[in-house]
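Written out below as structure tokens is the structure these notes cover.
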Amino acid sequence: MAAENEASQESALGAYSPVDYMSITSFPRLPEDEPAPAAPLRGRKDEDAFLGDPDTDPDSFLKSARLQRLPSSSSEMGSQDGSPLRETRKDPFSAAAAECSCRQDGLTVIVTACLTFATGVTVALVMQIYFGDPQIFQQGAVVTDASCCTALGMEVLSKQGSSVDAAVAAALCLGIVAPHSSGLGGGGVMLVHDIRRNESHLIDFRESAPGALREEALQRSWDTKPGLLVGVPGMVKGLYEAHQLYGRLPWSQVLAFAAAVAQDGFNVTHDLAHALAEQLPPNASDRFLETFLPLGHPPLPGSLLRRPDLAEVLDILGISGPAAFYNGGNLTLEMVAEVQHAGGVMTEEDFSNYSALTEKPVCGVYRGHLVLSPPPPHTGPALISALNILEGFNLTSLVSREQALHWVAETLKIALALASRLGDPVYDSTISESMDDMLSKVEAANFRGHISDSQAAPAPLLPVYELDGAPTAAQVLVMGPDDFIVAMVSSLNRPFGSGLLTPSGILLNSQMLDFSWPNRTANHSAPSLENSVQPGKRPLSFLLPTVVRPAEGLCGTYLALGANGAARGLSGLTQVLLNVLTLNRNLSDSLARGRLHPDLQSNVLQVDSEFTEEEIEFLEARGHHVEKVDVLSWVHGSRRTNNFIIGVKDPRSLDATGASIL
């Protein structure tokens, strides 16, 4: 029976006693201990004799466990062989505590090192995210006036070009595909915004007056000598300056994208076909007609048109940069000769003296958003003034659209009158003071107090000077994966500019028409002294590339907007911003809704074809003289909300497209 008990205990406990298991699992040998020869295992019967009956109480068992010599932690293993167990003078648990303390110190060092390393890696990754170059091709959008130019901008982004690279290529493309609106012989303005750094730069490459141009010459002969209308082109200098600041791909490669469009040919757009059929310049030369009407009649939309002459010019500029355009080379000589032959006074020195300006945009806060727009001689301050005035009205979804339209019409009358007082601040110091007043919320509240809720003003609140601007303009909007926003508007002034075409294929602008002089218009409106003609001066401009971002932080709505139509464009931008930022409409709906524009010279409120008869009747009941027209302006846009980016064209345009990378 005793043998059976012993066998059952051994099968239950195995080869080791509970004390042996404790010594193996709880107290490993310290690394510095010398290994000792393994001691032979005692017989189970001898241990049981010492421990006594296994059914004894736990306290007795634990006491006996403390008397067990722990072979795995002893340095005198050899002396224990064959010896009976004896009480130890040293508590093995005290030794274990010391050993654990030693191991905890080592663990602390390891954990500290790991945390330090992890923190360093995290900081490096955060810095890379915010300040490093993008590592993958993410979302983006491009919007232009022609589908092939939008596709070209997208292609540049796909080849890891910057947002500005894409904008430059697309703008040059529009100079080929939309020669009635833009080109190398014109000028414009580009607004670039860095989202991560919250920094903005405006590159002004508006045309300037030749040094020998005088107001008297324009008064006598502006309508018979088209050479007098040509300003020094700024397009090449401006795009090159933008690329120097923000470009990623080589300049020559960016220009090669556009040169391929000119060389391979493009499909004539609806807008170009209409311009060639209805808006040919009266002085169109044989060279002009051979270039744009090669078959002797206006081309149909979709017809293939090639411009190998412009492809060659772009190749030259890609190799030599703007020097080939401005520093007395063959291109410069051709432009000067063409202008002088048509009665103009431009010289080679005018080209060498020209420079693009890099400056800060004007800005205002509207409904928690920062609105950025070009400073004078552009009319960005008047746009912000309109928003400041409207901000004080209770414009919500609860207010009827008809009432909101009345407030907008009266507000735009004030804003456009303010715009007519602007000009080039380099030549008139009072313009800076006028700009400050336009940006003031206090002044806006004062103007708002003069607006009746129920009746249109019978006469303008402010003196109105001559307002005439480029009716045609080309737009490029880019939001790229590099977290940059680019908005650009360029122009030749009226369709095909001056109509003067150089042997190299450069179509020259007519921007001197944007200056003000006596008896300039049929209605004999008063000329603006601030916008009078002076050598080297830049005329008043309604080219208004506009960027919107959250006033605080990074999260929220970002917008890039552009418009054509001169003063009508300012009215259109105001209403689109109102729809998006105040009425919380999506961008597509905001661009599609009907728009109005007050013509200050005739005191007529123009509305587009989207207006209903009920809306027109409401406005007429308030005292507005309403005239319905098909289209007032095109406003294109791109919107970014968090990480979602979309590009949207104005639905009134048959040719413009917006493309997005999803």
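Even glycines carry a Cβ here, placed using N, Cα and C.
Now, the feature entries from Swiss-Prot:
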type	residues	note
CARBOHYD	Asn198	N-linked glycosylation site
CARBOHYD	Asn267	N-linked glycosylation site
CARBOHYD	Asn283	N-linked glycosylation site
CARBOHYD	Asn330	N-linked glycosylation site
CARBOHYD	Asn353	N-linked glycosylation site
CARBOHYD	Asn394	N-linked glycosylation site
CARBOHYD	Asn519	N-linked glycosylation site
CARBOHYD	Asn523	N-linked glycosylation site
CARBOHYD	Asn586	N-linked glycosylation site
MOD_RES	Ser17	phosphoserine
MOD_RES	Ser72	phosphoserine
MOD_RES	Ser79	phosphoserine
MOD_RES	Ser83	phosphoserine
REGION	26-90	region 'Disordered'
TOPO_DOM	1-106	topological domain 'Cytoplasmic'
TRANSMEM	107-127	transmembrane segment
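Positions of the features from Swiss-Prot, shown on the structure.
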| residue | record | contacts (Cβ under 8 Å, 6+ apart) |
| --- | --- | --- |
| Asn198 | N-linked glycosylation site | Arg549 |
| Asn267 | N-linked glycosylation site | Cys148, Pro301, Gly302, Ser303, Leu304, Leu305 |
| Asn283 | N-linked glycosylation site | Pro226, Ala342, Ser498, Gly499, Leu500 |
| Asn330 | N-linked glycosylation site | Ser504 |
| Asn353 | N-linked glycosylation site | Gly211, Val232, Gly536 |
| Asn394 | N-linked glycosylation site | none |
| Asn519 | N-linked glycosylation site | Gln219 |
| Asn586 | N-linked glycosylation site | Val580 |
**Q.** Mean predicted confidence [pLDDT] for the topological domain 'Cytoplasmic' (1-106)
**A.** 43
